[in-house]
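Below: the structure, in structure tokens.
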């Protein structure tokens, strides 16, 4: 199966998932409450969320522009960084506009199909971001443990294939979400206590059996995060072992510093997600508005902070950004 036929198959699967559902009642629209319990403060809460979204847009577009315009940055590390920036743009834009519309102008209603599409992009691109972080850990492993063969191991063809695997994994894992959601029946008020369409929040509204939906959602989340974190841990265990063998503390510090940006990005992505997941599963006494805020921050913080982390910690990116602004002046 070539690339064109694969994407044709994928598109048909998405269309079938959205159209051939087993609804017995007319497809409902969902009412997004926003941040329940903080209705009076929603306008003020929207301000920092809007700033985070603006940072995500400006920062990631800048990263993509600089890497695209500078041939000297067409190296594995920066190509993976451009993938991360593109994913962050989609991830932030899949939720932030609707969340801000709910909080600022009370645009609470969301159509069934729009809700499913938003859900698909949110979860698919979260999976892709996790996959790119694994690829970046692989890049750091090859650069430190096999420096003489870095460019031959991770040549553009291999990087392209890695990017395709990350993309396909994210899409294929999420198609069953749409199919399973399409089989649910909603016979009660479709009010979602959230600022965007979140998978478990929608599943909880169904009056039909949801065991398969819940099991599949939990399985995908645990497998994706569990396997990706395990892979990152294995790569960094080898990196640590190799760096500790390097003679001289200055040389070791320099080797560690090349991983600093990636480690920060890993922490920014996984820690808010871990807190959101743990409070959702075990934080029964945590206020509902805390769940909602954590879920929104989990999707907005990495796209907003990743460009800042790489801009501050990566000398080449920092120099290119400064050059662009000084040339404008």
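From the backbone N, Cα and C atoms, a Cβ is placed for every residue, glycine too.
Here TrEMBL flags 45-66 (among others) as transmembrane segment.
Look at TrEMBL and you will find 59-310 tagged as domain 'G-protein coupled receptors family 1 profile'.
If you look up TrEMBL, you'll see 78-96 (among others) marked as transmembrane segment.
Distant neighbours of the transmembrane segment (116-138): 14, 18, 77, 80-81, 83-84, 87-88, 90-91, 94-95, 98, 110, 154, 162-163, 165-167, 169-171, 173-174, 177-178, 181-182, 196-199, 202, 220, 224-225, 228, 231-232, 235-236, 262, 265-266, 269, 273, 299, 302; these residues of the same chain sit at least 6 beyond its ends, with a Cβ under 8 Å from one of its Cβ atoms. Taken from TrEMBL, the feature transmembrane segment applies to 116-138 (among others).
Annotation source TrEMBL lists transmembrane segment at 171-196 (among others).
If you look up TrEMBL, you'll see 216-243 (among others) marked as transmembrane segment.
Taken from TrEMBL, the feature transmembrane segment applies to 255-278 (among others). Beyond the transmembrane segment (255-278), the same-chain residues lying 6 or more positions past its ends with a Cβ under 8 Å from any Cβ of the stretch are 84, 126, 129-130, 133, 136-137, 140, 143-144, 221, 225, 229, 232, 236, 239, 242-243, 246, 291, 294-295, 297-298, 301-302, 305-306, 309-310, 313-314.
According to TrEMBL, the feature transmembrane segment maps to 290-310 (among others).
Only pairs six or more apart in sequence are counted, and the transmembrane segment (45-66) with the transmembrane segment (216-243) gives fewer than three Cβ pairs under 8 Å, not enough to call it a contact.
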